[in-house]
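Here's the structure we're looking at; comments come further down.
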């Protein structure tokens, strides 16, 4: 048999020094801190405002939140703590603010959060604070700059993961601050959503056991270990503690489950201990220390399990902890409490938190443990049973507990279980009031088939129903909800505690269509009967209700006696009227009859205990009256002000809050408030569903990929379905509120889909632009006029654009496509302008090329053969070709439909280009003028008048030929000096002739001005000047220098001809020359022949001749002999040797000196050449002669 210790108390905590227990679990086995919510946010944006408010609200609600500036442990690096916070949380609230994506840490947090969310380990609640979800999804706006910075600092793979995370987050359902009234409203909405998620995030017993086993370390037998199980209200911790005890107790030699330590006294003498250990029972009666000593002796060195449930005070722990030394090694002590601070104060660090349990798991435990007492319903406030004989389930929930706490999570589960939200306005609410132990629950169970807890008469009369319970009737249409209120006049609350009675009565009247007032038959007609205070309470609270409808008040007379109902009813109605008249009323209702507030009905039932069969028959008859109770004339026929079923839970919660705060309850205003909240919830739900709608997501993806056919029709259908679903669920709420929230939902939906619509218009616009470009270019290729082609295809593309835009229009939106249409027109016009510019550029280039071809070579040829008519001919050529080009160019421009001013500018530009070609060619020829002058000089000098090569006979006038050639070259220089495209005249040729050819200029005074010593020509603008006067003078000087050699060659050739002619004449004489005859006579024939055979001797003789001549000159022999022969001989002999040495030195020095590079030194000093040159420039000739 199991060993159970029933009641243990009055233990002291001090551990015996003789045998200390193992405190390993108290000091070292701490578990990581666990949070309900992890807050991910950018501190610079929201730390001091929104996040601070949200964190405070969560803490107020008892929800533990991780916030980096309050939850981090000093000294730890931030990354591991944040990772621990994320993994240890149930919900991650991601507050996306404008600079959130700019933070490396925020993005890393988001990646980890979404990873856990994909693994179903975390629930993500996004909050878009001052940002749009679409901006995150499409990653536009500030995100572009932020990610550009990230791409410079981090790897491409990491940045890509951040982009994916933001895109994924944007698809999750969240709250947006831009559509919220203020931060306070947003905080309340987010907190409520988190509370609902935590309430629905339930865990099974088996899962809890898996988590608890490592904490208990059952395989260890070292000392005594203490652990804690902690859970906040209504979390099923007691049920879980029993489940733990049942599963692990077989592993212990003795075990004890202390059912309710809260109610155990601290005095050991007043309690009874019972151990069942190995088939034996050990009991300690009052003041029986002997038995306690016996128990210690028997349990010594035994492995004991002690589970202390519902510990509320630290003194109880102190009492339980005394003398742990009599527990053997491996013993476990488990302390179950709802006060976590109590465990931490006592030093218990190995604590397991009991989260929400699945209702089905709790029900299984109830059935297996046969827990049937109402107290056990407090373990979890919702349960369902299924009758085997009925197809319909019966569910009940404790709506409000005995302390006045409204069970939000329980009612939400209940509504889902019974599918109340689907009922619309087709439901009724019935409540029952009456004294305690008057059989209210029994009546409801028999009347409606509910399973409310009934009093066990064999255990005595006591309070059975605590607070307010709610159940659904079985087998009654429409859906009928029944509320079982806590009985009045209960001894548990006492005489003075009537606040809850009044509050519960007002609550029942506010939300019920039918109120059953359960009363005893023998109380009718009695002034101090139990029903009188109840009726007064009902009527008093009714004055606080501004209800637009009647409430049916059905008096149920229990245990009816022989007195007929016809006699009882008038007495009861008279008493009711007296009570109504005695109740203080507001001025507005001083004379209002009770019938305006209540529809009073009376029924009587026999005693359930004495006439059970008759009672059930009467109840069955009464049950029929609740069938179709909402029909006109039914018990709940007045449907004015009825809250739709989907808003029942919220409405009841708000009404109870108002009642608890002791405020007047304005039901019409409350109806509007409920409608506002529920319609907003429905709106948010539909918006969230729309975001995840597969059809919408598929359509959105198609739009992002490219053009979509039938976009408007498809999206209209999707939006219509969403709005129709909203209309279906919100149809029973206030029309004004419903329409307002529908409009808001429609605006949110349209705001969501607007980017896709704009993308579609963008695709259409881009497609039309591309079509126009292709069609327009093709039309131009086949030769269609520019203006006509652009006009035709512009109209065609705009008509098609209008047609496709009509197919993209959404019926629910009144969006205008004018801006996109105007943008398309601007784009087309920009393309036309670009093509026009390109075509005009090509056309201009074409005519410029023609002009260049027509002018360049002819002008070059004319300038090369410069004459007096050169510029006149060039001017005529320029005029003719320019006129021809301008005529064709103007005709071509007419097809482009351009403005006259623009056309004139282009024509003028072409004319300027034509002149520019001539100017460019003239400048080019001016740069080659020296070469042209030399060519002309060579042509004239080397050819005769018939342009035949000149044959030099020796009789030509070289001076005249040279002058003629130089004059022609000077003519070329004068022609190329300036441009003469106008009618202007000048004297440049005369100036050049006078300055460069006229020999009289050499006779001028040195102080006379030089007409070429200037950089400008007289009366000639610089724009027309090609060669300046100074440059002309320089060119002429270089020209003369480079042509001098040609003249010299001609002179040499002429001289050689003359010499040849003279030699020929001499060759006709047979006698030797006179010098040969003279040498023959002097030398003799043999010596003369020796000289002829060996010319070296002639060289020696020539050198000797030169030496003798040099000595003759240096010694001045004629001068020395001027005074006589003897003085001359003496003088010559004295100077002979030094003179010879000086000559030798001079010859040696000249031999070492390199030859000079001056060409003039190598130029032959020909007297004929000098004479020819002197004819043109005597001054220069004289200088040259002196130099020679």
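The first residue you see is number 1, and the count goes up from there.
Any Cβ shown, glycine's included, is placed from N, Cα and C.
Positions annotated as topological domain 'Cytoplasmic' by TrEMBL: 1-1071 (among others). Confidence annotation: the topological domain 'Cytoplasmic' (1-1071) carries a mean pLDDT of 77 in the model.
Annotated domain 'TIR' per TrEMBL: 33-198, in sequence order.
Per TrEMBL, the feature domain 'GB1/RHD3-type G' maps to 424-639.
Around residue 439 (GTP binding site), the same-chain residues at least 6 positions away in sequence with a Cβ under 8 Å from its Cβ are 518, 558, 608. Under the heading GTP binding site, TrEMBL lists 434, 435, 436, 437, 438, 439, 440, 441.
The topological domain 'Cytoplasmic' feature in TrEMBL is assigned to 1117-1188 (among others).
Residues or ranges marked as region 'Disordered' in TrEMBL: 1150-1188.
Among the features that TrEMBL reports, compositional bias 'Low complexity' is placed at 1164-1177.
Marked as compositional bias 'Basic and acidic residues' by TrEMBL: 1178-1188.
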(request) Note the Cβ centroid of 434, 435, 436, 437, 438, 439, 440, 441, the recorded GTP site, then list each other residue of that chain whose Cβ lies within 8 Å of it, in sequence. (result) 487, 518
(message) Taking 10 A as the limit, how many CB atoms besides its own sit near the CB of residue 436 (GTP binding site)?
(response) 20
(request) Have a look at the binding-site residues (434, 435) and report the one with the fewest Cβ neighbours inside 10 Å. (result) 435
(message) For a quick check of packing: other C-beta atoms within 10 Å of the C-beta of residue 437 (GTP binding site), how many?
(response) 18
